[in-house]
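What follows is a structure written as C-alpha cells; I'll ask about it next.
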C-alpha cells in the first residue's frame, strides 16, 4: 500500500513539470496537491465521511436542529480541552490529567461559590487557579526530571482525583456539591441558547481562533513545532524549551478547568467523578485531527475537525436507531484508520519536494 | 599574524572520574579551516560540546578574540558567534524550510499583542540564502525540511549559521552521511565560508574530506591530541595510520584481503 502511495505522488509531481510551467506561476489555480501536504487533510476526510454516514443512516433527525446541537455541544466541550492538548502534543508531550482537572475545578467552584457562598467570580477564579497550578506542576516536573509526561500526568490524574474526592467528602460529606449560580455567570458559562446550543460552542470557537493564531502566526508557534520536532536542537537554537512546555501544560489544564466551570454552571453543581472521559477522548480527537503522536506536526484546524468527528460518531449513533454500544467500536476503528491515513498524508508531504530527483535516480 | 578567534588552553573534561579529554590546546583563525580528526570514541563529540557551550571544561580555559570566556550554555557560545551544525543538520524534518531557518530568531511584524511571525519575509530570505550556497532546487519557503536531501539539509543549517552572524562554524561530521556528490558540495560550502573570513572547525573521520579543505589539522586519540600539523606536512597514509591507533592500515588491509579471498562472480 505504501509503495503505491509513493509512486502516485512522484507521478503527480512530474505532470506540471512536463508542461514547462515555471514553479512561481503554478500558484495561481487551486492546487489540489498542496492539500495533501496539510496535516488536517486526513481529518477533513474523516469528518466528512462520518457526517455523510450518519446523515444517511440517522436521517432527518440527525440533521435537525436538535440533532446538530447534540453533537455540536459535545464537540465544543471536547474542543476546549483538545485544542490546548493538541498544542501540547505538537510540542511532544501528553496530558492525561485533564480528567481530574475538570473534576477538581468543578468541585473548587462549587465549594467556593456554593458551599461557602462566595461570589461566582471568586469561585471561577479559584477554579482556574487550580487548573493553572496543576498545569504548572505537571510542566515543572516533566521539564526538570526526565520522567515521561505520560507517567507524570497519569500520576497527577490519579492523585488529583483522590485529592478532589477526599476534600469534597471532608468538607461536605458528599460527592455531589450543589451550586446556584447568579444569572450573569450562568449566562456566560452555562446556558443553552435557544434551549439547545450550549455557550461552550462560543468558548470553543474563541479558543480555536486564539490557539490557531498562536500556532500558525506567532513565533511561539514556531517554538512549539521546534520543541516537538527535536527538543535538543530547539534548545541549541535558543528556544526556552522548558518554559514552552510549562506554558503548554498550563494551557491544557486551563482548558480543562474551563470545562469544569462550564459543566458546574450548566448542571448547577459539581460531581467528583465528572470529566474522566476527556482523558482519552481528547487524545482521540487530537490524533484523528492529524497531530503526530511523537510531536512536531499538526494543526489547529485538524484538531477542531477531530473533535467534530468524535462528536458526530458519539451522538450520531443515537439517531440511527442502533444500539449505542456500537459507538465505541466505530471510534476505535476510526482512530486506527485516521492514524494510518495521516501517516500516508505525512509521507506524501515529505516525499513531494524530492519527487523529481527521486524519479531521476 | 592574524590573532586566533577561538583558542583552547589545556582543556580537560572528565565524566565521573574518567577522562574524555585531556589537556587539549587548539586554535583557529578567521578564514582558516581546522580539521579535527579522530576515530569513533576519540573524544570529538565531547570536544564539540565543550566548544559549543554544552559542557563546561573540568580544567583549562577557552579564549574568544583573546579574551577568556566561560560558556554557561550554548546560547553564550552562540552570542559570541560560535555556531555548531550537527551531523543531521540539527533541523526539523516536519517543519517548513523557512520556519526551520528562522527558528528562535523569527522576524515579526505588527503591534503588540498582535506580533506575528513574518513568514513571507522568512521564506524569501531562506530561499535567497540557500541559493547563495548553490541550492537552486528550493524555490518555496513552505517546503518541508524532510523533503530535502542530506546535503541540502546541511546547506540549510550552514546557511542559517552564516546568516545569523557565525564567526566560528563548528561542523560535526557534515559529510559522513552523504553521497560523494553531496559531500563535495558541502566541502565547497566550507571553502565559501572560509573565503568569507569565517573560522571553520571541521570535525570528521574522513581523511580525504579533511585534506581537501583543511589548513590545519589535529588528530585526537583517546581524548588526547596525538598530532598536530599544517596542510601538506603529512601524507594521507600517515594520517590514517595515526587515526587507526598507530597500527599500520596497510597491514590491516592486507589481512582483510587474505580473509575475504578473491571475489567470485556467480
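Glycine is treated like the rest: Cβ placed from N, Cα and C.
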Under TrEMBL, which of the candidate ranges A:1-30, A:31-60 is annotated region 'Disordered'?
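When A:1-30, A:31-60 are checked in TrEMBL, region 'Disordered' belongs to A:1-30.
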Need a quick answer: max count of Cβ pairs under 8 Å to the transmembrane segment (A:69-89), which of A:43-63, A:120-142, A:149-168, A:246-267, A:326-345 is it?
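It is A:246-267 that shares the most Cβ pairs under 8 Å with the transmembrane segment (A:69-89).
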Given the cut-off of 8 Å on Cβ pairs that are 6 or more apart in sequence, determine whether the transmembrane segment (A:96-114) and the transmembrane segment (A:149-168) share at least 3 such pairs.
yes
Report, as numbers and ranges, every residue of the chain located at least six residues beyond the transmembrane segment (A:326-345) whose Cβ falls under 8 Å of a Cβ in that stretch; write 'none' if there are none.
2, 5, 36-39, 41-43, 45-46, 50, 284, 287-288, 290, 292-293, 306, 309-310, 313-314, 317
Tally Cβ pairs under 8 Å between the transmembrane segment (A:120-142) and each listed stretch (A:43-63, A:149-168, A:246-267, A:273-293, A:300-320), then give the stretch with the top tally.
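By the under-8 Å Cβ criterion, the transmembrane segment (A:120-142) pairs most with A:246-267.
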Other than its close neighbours in sequence, what residues sit by the transmembrane segment (A:273-293), given a CB gap under 8 Å and a spacing of at least six beyond its ends?
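Same-chain residues near the transmembrane segment (A:273-293) but 6 or more away: 39-43, 46, 78-79, 81-82, 85-86, 89-90, 94-103, 106, 157, 161, 175, 228, 256, 259-260, 263, 299, 302-307, 309-310, 331, 334-335, 338-339, 342, 345-346.
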Looking at A:43-63, A:149-168, A:246-267, which one has the highest count of Cβ pairs under 8 angstroms to the transmembrane segment (A:300-320)?
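That would be A:43-63.
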May I ask for the residues of the chain that lie six or more residues beyond the transmembrane segment (A:246-267) and have a Cβ under 8 Å from a Cβ within it?
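Residues packing against the transmembrane segment (A:246-267) from afar: 77, 80-81, 83-85, 87-88, 91, 93, 95, 97-99, 101-106, 108-110, 124, 127-128, 130-132, 134-136, 138-140, 142-143, 149, 179, 181, 185-186, 188-192, 198-200, 203, 207, 224, 274-275, 278.
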